[in-house]
Amino acid sequence: MAAKEVKFGNEARIKMLEGVNILADAVKVTLGPKGRNVVLDKSFGAPTITKDGVSVAREIELEDKFQNMGAQMVKEVASKANDAAGDGTTTATVLAQAIVNEGLKAVAAGMNPMDLKRGIDKAVIAAVAELQVLSQPCADNNAIAQVGTISANSDEKVGRLIAEAMDKVGRDGVITVEDGQGLDDELAVVEGMQFDRGYLSPYFVNKPETGAVELDDPFILLVDKKVSNIREMLPVLEGVAKAGKPLLIVAEDVEGEALATLVVNTMRGIVKVAAVKAPGFGDRRKAMLQDIAMLTGGTVISEEVGMELEKATLEDLGRAKRIVITKENTTIIDGVGDAALIESRVAQIRQQIEETSSDYDREKLQERVAKLAGGVAVIKVGAATEVEMKEKKARVDDALHATRAAVEEGVVAGGGVALVRVAAKLAGLRGDNEDQNVGIKVALRAMEAPLRQIVINAGEEASVIANAVKNGEGNFGYNAYTEQYGDMLAMGILDPTKVTRSALQFASSIAGLMITTECMITELPKKDTPAMPDMGGMGGMGMM
């Protein structure tokens with residue numbers, strides 16, 4: 001076991017605080033409408049420019065092990081806020097820094113750290129309850145657009161695009177962010193179910209001008225295995241040919257003789273066929289095939305349930321109004337599935353979303369719900385250069401998370417005003433002893449930090465504006481973008497309640513633990529032992 005270095009008391013806390021301040025100072029320059037950018041060097045490719053707090057935090061690794069421990073703990077605050085609400089990472093970091101700095105001053109003055117932490121916790125619990133009281137529902141598209149605009153660094157176009165996307169695919173719909181082709185941002189809405197599998201052979205293409213396969217009123221054959229023998233499919237193909245309808249085959253794979261025969265039949269015009277691979281892998285593929293079956297009113301031909309492809313009939317096939325297949329995607333429009341069955345399938349998947357602990361699984365399940373329930377909106381981000389594209393995409397992503405959080409728990413006045421009002425309402429809160437009272441004051445004082453930092457980043461005097469806001473009432477605050485005082489809600493400066501709540505809870509949780517630290521242990525750096533010297537020629541060993 002490697003030797004360790006141990007630091008105690010004030011010496012340990014000072015080192016930890018230095019690390020906290022280095023990371024927080026780098027992150028907090030990005031806060032507010034006039035926050036600055038941070039440039040991150042990458043080991044390959046161009047540097048990344050970002051205004052996203054968690055992206056800055058993740059890049060920081062300090063050489064001094066004790067400082068690094070402090071920095072890593074604050075990094076955890078930003079990461080947790082990002083995971084919970086998808087935004088508010090910079091606010092959480094600023095709050096954590098303020099609580100740690102004020103708290104450690106109180107510890108140095110002789111307060112009991114455990115009582116300080118209890119006081120901080122008490123203040124935060126009361127503050128969260130007060131935030132819920134101040135919260136207003138995010139009712140209309142205008143409010144959604146305003147939340148998106150604020151989170152995207154006052155970019156109104158992004159706010160409007162997100163509101164439009166939510167309007168089209170519903171509050172639960174999937175909205176994805178992709179690289180655009182031009183300079184302008186665009187919104188594309190995919191109606192029906194789309195999955196990322198294209199045609200298996202370019203010979204299926206019947207619209208050469210668009211390079212796509214379009215099938216009107218087709219049958220859909222769903223097979224949960226590889227198909228390589230055409231004889232298995234002959235009964236189905238004959239039935240489809242008699243009906244005079246096109247056919248889409250969705251299978252694990254279609255290869256060899258089977259694919260060749262389908263291509264020949266299509267080219268000769270005997271039967272209009274297209275084949276695609278089933279989306280997903282393993283169990284997820286089975287589930288997605290079932291989703292398509294529900295949507296189209298078909299049955300998955302699976303040997304697991306004793307069904308054979310040779311015995312499949314037209315009754316087992318799904319139907320849809322139209323299918324469009326490109327090189328990369330397949331879109332099924334207007335499946336004829338039973339609406340009640342689709343609804344119960346959606347409810348079943350939503351239940352799985354509640355139960356899963358994996359973020360990846362949750363995301364995939366939500367995509368399945370959207371595909372069954374309402375379609376998918378794609379925001380295509382336009383920019384002049386790749387560096388700008390990355391920065392803008394990160395902002396749009398943040399704005400998207402913020403609007404979802406706003407729809408979920410409502411909104412409060414933005415610009416740090418909500419926390420200032422909460423702190424004012426809790427001025428009379430008391431703990432069980434004097435040290436807890438100091439802890440409460442530490443937390444309440446820290447709640448002013450986001451407002452102060454927004455003002456500092458706007459180049460104004462923080463104390464003057466903070467006092468003016470504190471003397472106001474309700475939603476009265478300072479708009480750093482226009483440099484005017486007024487009603488924050490009327491000016492469209494809103495923060496999602498969930499974002500503000502999460503930032504405060506995670507910041508106080510980690511900061512409280514740091515205040516109660518008395519000892520820090522880290523590995524000593526390994527000393528490089530000098531290499532053994534060359535032995536050289538040994539005397540008396542000359543060649544005979």
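Cβ atoms are placed via backbone N, Cα and C, with glycine included.
In the structure as shown, the Cβ atom of Thr30 (ATP binding site) sits within 10 Å of 22 other Cβ atoms. Annotated ATP binding site per Swiss-Prot: Thr30, Leu31, Gly32, Pro33, Lys51, Asp87, Gly88, Thr89, Thr90, Thr91, Gly415, Asp495, in sequence order, evidence recorded as sequence analysis.
Within the group of binding-site residues (Gly32, Gly88, Gly415), the Cβ with the highest number of other Cβ atoms inside 10 Å belongs to Gly88.
Around the Cβ of Thr90 (ATP binding site), a 10 Å sphere holds 28 further Cβ atoms from the protein chains shown. For Lys51 (ATP binding site), the count of additional Cβ atoms within 10 Å of its Cβ stands at 21 [all protein chains shown].
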